[in-house]
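According to Swiss-Prot, the features are:
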- 665-679: compositional bias 'Low complexity' (COMPBIAS)
- 841-854: compositional bias 'Low complexity' (COMPBIAS)
- 912-924: compositional bias 'Basic residues' (COMPBIAS)
- 1297-1310: compositional bias 'Basic residues' (COMPBIAS)
- 1435-1446: compositional bias 'Basic residues' (COMPBIAS)
- 1447-1457: compositional bias 'Low complexity' (COMPBIAS)
- Lys1470: SUMO1 cross-link (CROSSLNK)
- 1156-1263: domain 'Bromo 1' (DOMAIN)
- 1316-1421: domain 'Bromo 2' (DOMAIN)
- Lys1497: N6-acetyllysine (MOD_RES)
- Lys1533: N6-acetyllysine (MOD_RES)
- 658-689: region 'Disordered' (REGION)
- 751-927: region 'Disordered' (REGION)
- 924-1129: region 'Mediates interaction with IRS1' (REGION)
- 1280-1310: region 'Disordered' (REGION)
- 1435-1507: region 'Disordered' (REGION)
- 1555-1597: region 'Disordered' (REGION)
- 1623-1646: region 'Disordered' (REGION)
- 1751-1784: region 'Disordered' (REGION)
- 181-222: repeat 'WD 1' (REPEAT)
- 224-262: repeat 'WD 2' (REPEAT)
- 265-310: repeat 'WD 3' (REPEAT)
- 319-360: repeat 'WD 4' (REPEAT)
- 363-402: repeat 'WD 5' (REPEAT)
- 422-461: repeat 'WD 6' (REPEAT)
- 464-504: repeat 'WD 7' (REPEAT)
- 512-551: repeat 'WD 8' (REPEAT)
Amino acid sequence: MSCERKGLSELRSELYFLIARFLEDGPCQQAAQVLIREVAEKELLPRRTDWTGKEHPRTYQNLVKYYRHLAPDHLLQICHRLGPLLEQEIPQSVPGVQTLLGAGRQSLLRTNKSCKHVVWKGSALAALHCGRPPESPVNYGSPPSIADTLFSRKLNGKYRLERLVPTAVYQHMKMHKRILGHLSSVYCVTFDRTGRRIFTGSDDCLVKIWATDDGRLLATLRGHAAEISDMAVNYENTMIAAGSCDKMIRVWCLRTCAPLAVLQGHSASITSLQFSPLCSGSKRYLSSTGADGTICFWLWDAGTLKINPRPAKFTERPRPGVQMICSSFSAGGMFLATGSTDHIIRVYFFGSGQPEKISELEFHTDKVDSIQFSNTSNRFVSGSRDGTARIWQFKRREWKSILLDMATRPAGQNLQGIEDKITKMKVTMVAWDRHDNTVITAVNNMTLKVWNSYTGQLIHVLMGHEDEVFVLEPHPFDPRVLFSAGHDGNVIVWDLARGVKIRSYFNMIEGQGHGAVFDCKCSPDGQHFACTDSHGHLLIFGFGSSSKYDKIADQMFFHSDYRPLIRDANNFVLDEQTQQAPHLMPPPFLVDVDGNPHPSRYQRLVPGRENCREEQLIPQMGVTSSGLNQVLSQQANQEISPLDSMIQRLQQEQDLRRSGEAVISNTSRLSRGSISSTSEVHSPPNVGLRRSGQIEGVRQMHSNAPRSEIATERDLVAWSRRVVVPELSAGVASRQEEWRTAKGEEEIKTYRSEEKRKHLTVPKENKIPTVSKNHAHEHFLDLGESKKQQTNQHNYRTRSALEETPRPSEEIENGSSSSDEGEVVAVSGGTSEEEERAWHSDGSSSDYSSDYSDWTADAGINLQPPKKVPKNKTKKAESSSDEEEESEKQKQKQIKKEKKKVNEEKDGPISPKKKKPKERKQKRLAVGELTENGLTLEEWLPSTWITDTIPRRCPFVPQMGDEVYYFRQGHEAYVEMARKNKIYSINPKKQPWHKMELREQELMKIVGIKYEVGLPTLCCLKLAFLDPDTGKLTGGSFTMKYHDMPDVIDFLVLRQQFDDAKYRRWNIGDRFRSVIDDAWWFGTIESQEPLQLEYPDSLFQCYNVCWDNGDTEKMSPWDMELIPNNAVFPEELGTSVPLTDGECRSLIYKPLDGEWGTNPRDEECERIVAGINQLMTLDIASAFVAPVDLQAYPMYCTVVAYPTDLSTIKQRLENRFYRRVSSLMWEVRYIEHNTRTFNEPGSPIVKSAKFVTDLLLHFIKDQTCYNIIPLYNSMKKKVLSDSEDEEKDADVPGTSTRKRKDHQPRRRLRNRAQSYDIQAWKKQCEELLNLIFQCEDSEPFRQPVDLLEYPDYRDIIDTPMDFATVRETLEAGNYESPMELCKDVRLIFSNSKAYTPSKRSRIYSMSLRLSAFFEEHISSVLSDYKSALRFHKRNTITKRRKKRNRSSSVSSSAASSPERKKRILKPQLKSESSTSAFSTPTRSIPPRHNAAQINGKTESSSVVRTRSNRVVVDPVVTEQPSTSSAAKTFITKANASAIPGKTILENSVKHSKALNTLSSPGQSSFSHGTRNNSAKENMEKEKPVKRKMKSSVLPKASTLSKSSAVIEQGDCKNNALVPGTIQVNGHGGQPSKLVKRGPGRKPKVEVNTNSGEIIHKKRGRKPKKLQYAKPEDLEQNNVHPIRDEVLPSSTCNFLSETNNVKEDLLQKKNRGGRKPKRKMKTQKLDADLLVPASVKVLRRSNRKKIDDPIDEEEEFEELKGSEPHMRTRNQGRRTAFYNEDDSEEEQRQLLFEDTSLTFGTSSRGRVRKLTEKAKANLIGW
């Protein structure tokens, strides 16, 4: 104990000393002096012990000197070190926090024992503290067993949720079933209020009802004509509402599935739907927001379920393009908060009995796309794309917020690796936990952040997702649990309390990659949660057994799901074939995705078929005209009525008549009087990786399906009594209603009390404005209604996130664009209602094309006219508010009074009952009314301004892509003139200058053109703002309509014309001339003044001029031209002079670079004119050659506003009418557009017009095509083959399993054994590309993007890539590895997402699915490739070891006879070759039948070997280009003469030597075509060097190598080459020849020079430097590469020879699987030589390194990039090269082919020879 006490006292003394040192060095100097004095007095400092053991006290100064190695802050350093050291042993609870004051696991005194988890006994669990169970300690261990918890609850009647249900329980949730129930992506899923039913809403326009407990498909709700954007179930569980991109809301009764209402109050897509929790008697509200910037509140009665069709409507659109995209009700329903794209949050209040807007919160700086009210209070959280979220609460008469910045990082955690990759943080989703204590935000860096909702403090960062997260779903009663899902296919269950992952699920779809999860919901009881994905699946998760789900099929569709519907005037639907409401049809049959019926055991799962007999469960099958099996009707005993038989027979006859047509009409003609002729529901293209052009059987079943049996009255009564979704029990419903009522009253009370409280003093700019409820009842239509508008919010979003536009056009609301010109919405502009309605009418040029708009949605402006006509559009949803009805009636009266005004030019909306679904038919009706009133059809003819074919300066004719200056003053004058003359109805208040700030002149770009039939014909333009400096779009636009009117000056001026005039300087008195009516008129400038004083800088009509005839007028500078010296003046003053043809040509537009492609305009026009001439000779184009005969078709001009034809286009091309090729293509498309407008869809002439248009467009785009006939033939064959393929696909009979295989591309590339072929990846990638080309999703990515159609593509995408380019590169063999191919394919997907970042677009979804599909398949290819590399590496090492082991044990007697028989290998006859860029041509030499004599002895030619393959000398010499990439040349000395009597093989070698002889110095050293006789004679004089080197590459007699040399620099100091000697083991003799250095030796150099001087080298002297040289340098130094030759064998060094080899053969043979290196590295040394890369120089110091195993990473790189290595048998003792693949016999043959083997020469010049005894001893190598 005394020792311990002594040790403690010593530590205490040292601590006092360190404290004093620390204080003395810090700011507490006085405290330090006091401490030093006190410790000295009490002798508390460390003591000194002398040699006798006595202790002596020390002073402080003495200790400082003694411990001078200690820094003053030594104590602080100790404290710094303690924490990390302890952390390694016992980790603390919060990593990264360093403190000396912590407790528990943060304490520096913690031990393993103190950190152990506490476990309570049963008595502690049963205890109560303040009437409730006590809190568990922080270090509480695993939760107690459920038995202990239940027993404690039984004793005390209380429990804590974390004890009763620990989060570990959620690990037992598993996926019960994944069901394919839709053909497209499913963005919406929700549970009913009981949790027993699941609803899914998909892009295939269907809403389906599923049973939660067993996964059965119970019902399908049909009626929508576009994608489902949002769904909501009311709190009473009696009805479901679904919003769609067709601008309608459909409401169904959940009990019977009967439709209750079709609500039409929006003019654009529905973005969110919410049933209000508000309870005010039986009065309830349904709210809806739309992309048109409006919010509607629909009043309905809870008792009768009747909905008022006239909503209370608020238009929140301060500028065009603003969309309301999300909404959320408070718990009591008294508040509704909405988010929109104008960054404003709007709050509505219901406390007064009617909805009223109370606040507009403009604190976010980007769009607010996620919003959510808390579960129990009046707080809500908003998430924005500006990277922040805000928690709002109403206090002191204003909404106050807590800022949550997504850039915040938690203390102690380093997230830089993730967050640094994201340039701008964006909130993608927000949510509350169940108790509202925390707010969860999803960020675009794939993380979730958990915040304290009261303080805004960041609590946790949850990481686990690999892509953006758009689904956050809190548990319904457990505040610790959150579900999240995203586009990465992961569904993760989180523990919010601990910030850890509980369980994750990955939605992997076999053969298709992963499916992005688009929505997720949890059932009210928390027992299940359901997810939907991008491939149409419903995923059901839950606790317990999955046995019930095993009884259902994996694919569940009803055979009637996609049958066509007919609509009445109110948009209610009937099944077209049965003429019955869908909910009254007989129970359908269950089929798979191909339309094949499921077995009878599955049919019993259909409601209504549970008790059917077996024969009634077997559907009657038929075959459609396309060969598809389909369900005809159920097999019933009742007889078919005669009327049914007749109808069925007539329908079959009609189907037979239609079957000859390629396109089936989309319109359905009905015989029922109450049903108007409407369009069939057009389903979006199927999603999923199906073959291109293939249609799912279940979707195709409606094409010719006979009518099912008509239900009897008894059936109708029975079906009307069925209950699909049960209502809530009375007790539960009343209890929930009471709770909601109480919450509502509480919210009103809180709001009223806060309203009375005084403001706190806040800065003026922070005050939140409040706006009255009458704020914005004037509403504006959106600039377009996109079919792909998929942004919708529940309290959170169910569809993908809104688009992101990082380009300058950030404000462009592309989702609302439906025109093919790529509309751009003004940032601060507007457009009138009638203009927008006209812009989107069927007669316009802006017909919808979903594919087209997907590509251009976020890319800016597209200059192309429409490609396709839409499927017949449903009627436009109109407002039905009282105020709008009043204004509508007045406007209708006004229109009736003005008989000359066109019907579609009404200022107000049209009554739903009077407006026809087709705008085209409405126009025909209007024409009929007008002709009855005395108007003639001639008045409907378009003016010459439209039909003119000659380009004119005035009037201005707009063309697509024109850059123009817009002059507001001129437009105002036009509007005033049109109103004054009552030409047509025009509302000046809705002109663009009332909607936005317009300067006197604006630079614009024409991005949309359409012509409108009427009196007069109007031109509707869409103009986008241009930046005059950059020439790029700034993001704003507006629309306008006008026509050429006499006495109205053009207010649109071409930019080129304006720029030319701007730089002219006109002075008063200057003479000018101007073009008016194709003639020159002359005048004089009198003065200059602005037209209007408010626009002093405007050039519009700023000059006062006097014409020569005396008239005065105001003129603009661009209308005036300088008078040239050679001008022709009129004979009489005041008259005009006609323009000449030359003058006309000089005044027309001069095209800019690229506007006509790569060719000049004249050349392109002549080429296209020639093509049109050829096209006009074809029969298919006969209908479009000349203008339509108006005598035969008098109504044509009343339907078609802009007539055109091939002859008109040709004439305009000849006159250079078109200013750019996009303008021409726009008009070409109008041929098809006009044909489609006037004729019935699907008619032969419409198909012909489409073919002619596509043919001509292809011809125009291909600027290398000068003959259109071959293109016509190929397109015709393609059309025929496509139709045949479709029929062939449909004709495949068989079971559902077989048909599934036939219709689906193979999902697995291979099911074979592991391949170890390094080149196998090429075949696998080729199969994968073929598979991708079969997928429909790959269609946009198969060919390069057409830059004419998407001119801004290269502005956004730096490196375009497509699958055709990838395939060509692969076939050409330009990919070195599958990693390179993988990089290019991933570039395709990244380009797609960059150009079309809108996550709701079809292109984006296709990219997601195809990317997942590719990644799944390429992973196996990459794995096989790496496995093959590893296998080859291991195999190489094994062979080396085996050869060493065998060589060490070979008997010497095996080679006792050096004269043994030599083997002559059979020549290889492989003839494939590939020529590199550096190849040198060779000349073929006929073979000579002579035998080679080597060293005086006739021998067979020895076989030259490569590193891994046998080398065969081909006796047949053919002309082959040499591949210099493989050729490395060496300077060697050889025999140059041919000796008669030698063998063919030796002759071949002889010829190769002769061909490789260099010419004279004046000639190229690489010219193999001629022989150099002088060089030959020279070399014959020299004594042959009796040494042999093996070739490092495979030689052939026909492929001759270049020469390269390795020179060893000796003692010479000059840069010239010096003579040397053959260096063998340090000895020299003959003039040096180039010798490749072998392992274990330094390089030996042989150099031929003209000098006879011989410089000897000392034994063992090492070379100083190595040099790489160019062939030219060799030639300049008179060093000639010598011919390739097989030299005699030597026991020491073998000269390595190289020959040019075919590249493909080299790739096949080389061990590394890689082409030879093509780069030659150069260094500056004394001599310029070439070092062969195929032979590696080894030294003694590194000879053992090769024998050591190489790790896999090094091996991978070596095999990919390095050349073969040469090795030696003797490991440095001798330098005889060998290859490790050589067999023992081959090595002996190579080594001992001659008895007179030499070692070169000694230092004295004597030849060193190997004796017989030594030669026999060498056999054991």
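Just so you know, glycine gets a Cβ as well, placed from its N, Cα and C.
For the repeat 'WD 7' (464-504), the DSSP-based tally of helix, strand and coil residues reads 0 helix, 23 strand, 18 coil. DSSP assignment over the repeat 'WD 6' (422-461) gives 0 helix, 22 strand, 18 coil. Same-chain residues lying 6+ beyond the ends of the repeat 'WD 7' (464-504) with a Cβ under 8 Å from its Cβ atoms: 161-162, 165, 167-168, 170-171, 173, 428-435, 437-438, 440, 442, 444, 446-448, 450, 514-526, 529, 531, 533, 539, 541, 796-798, 800-801, 1399, 1408, 1412. Contacts between the repeat 'WD 5' (363-402) and the repeat 'WD 3' (265-310): absent, as fewer than 3 C-beta pairs lie under 8 angstroms at sequence separation of six or more. Helix first, then strand, then coil: DSSP counts for the repeat 'WD 2' (224-262) stand at 0 helix, 21 strand, 18 coil. Here the repeat 'WD 8' (512-551) has Cβ contacts under 8 Å with residues 172-191, 193-195, 198, 200, 202, 204, 210, 212-215, 467, 470-471, 473-478, 483-491, 505-506, 601, 605, 687-689, 798-800, 1307, 1405, 1408-1409, 1411-1416 of the same chain, all six or more residues outside its ends. Mean pLDDT of the predicted structure over the repeat 'WD 7' (464-504): 93. Note: the repeat 'WD 4' (319-360) comprises 0 helix, 22 strand, 20 coil (DSSP; helix = H, G, I, strand = E, B).
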